[in-house]
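See structure below.
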């Protein structure tokens, strides 16, 4: 119980601290660029046309809504984080209890020790089920979080309170509205998990010397590196999921010119791939100008 409480508190603290970063990231993913491109230098020192980074973007939001505005969508995100942690922990606890029951079963037969690869498959499968259950239950809060952020673009107030947002989504879209963008999110989580654990197993088994005294430390580093690599490869699923969660929901940020109306998440994927925007929002610094993007300054000139 104490471990669960500490995980919830730690997760909530990290959620609060990272909220401004996620807010900026979501607006960039949707394609909202309120600040015009500038001439800057990339990491190699070459002069390029690039978009303002995280701090300039956050400063722009704060200049309109104040610093408190950077924490828009925090309440549903906290609810999602707390509920997800509890569900994830309960599912894993169920598996642990079933393992203990098998060990203490009648006859107390000694089981064969499974190979390390079988162990990886078993643990990854359990983690996948736990994460998927948590994602499925918390996705409605995730949708509300994204929409409350995206309404900054059109200065709407459609998704302000948690209860009001739930009523609005149910009234306009029904139950399915709470699960907009769920499929690519689940696929991305599952692929990322299996890719991360499989790569970590291969590195730990064939690349690291088991005789090294710092073996456990090296394994933790390899897990972190493979996790980062897996998240980079599966980022398009995150982008598509977030875009589908806000697409055609009655907000300016989910409609043209910021976002086309997608018929499905596959349609969204194909269109982003065609435009070369599959990594949009992945980097918050040294941001290159995306293809075919309309800026706020351009829109003002057209009005």
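We number each residue from 1, going along the chain as drawn.
The backbone N, Cα and C atoms fix where each Cβ goes, and this holds for glycine too.
Swiss-Prot lists 2 with the feature N-acetylalanine, giving a large-scale study or a structure entry as the kind of evidence. Positions annotated as repeat 'Solcar 1' by Swiss-Prot: 2-98. For 37-77, 157-180, 253-280, the entry in Swiss-Prot reads topological domain 'Cytoplasmic'. Among the features that Swiss-Prot reports, repeat 'Solcar 2' is placed at 118-206.
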Across the repeat 'Solcar 1' (2-98), average pLDDT on the 0 to 100 scale: 89
Long-range Cβ neighbours of the topological domain 'Cytoplasmic' (253-280) (under 8 Å; 6 or more residues past either end): 27-32, 147, 150-154, 181, 183-184, 235-236, 239-241, 243-244, 246-247, 290-292, 294, 299
Per-state residue totals over the repeat 'Solcar 1' (2-98) - DSSP helix, strand, coil: 71 helix, 9 strand, 17 coil
For the topological domain 'Cytoplasmic' (253-280), residues assigned helix / strand / coil by DSSP: 13 helix, 0 strand, 15 coil
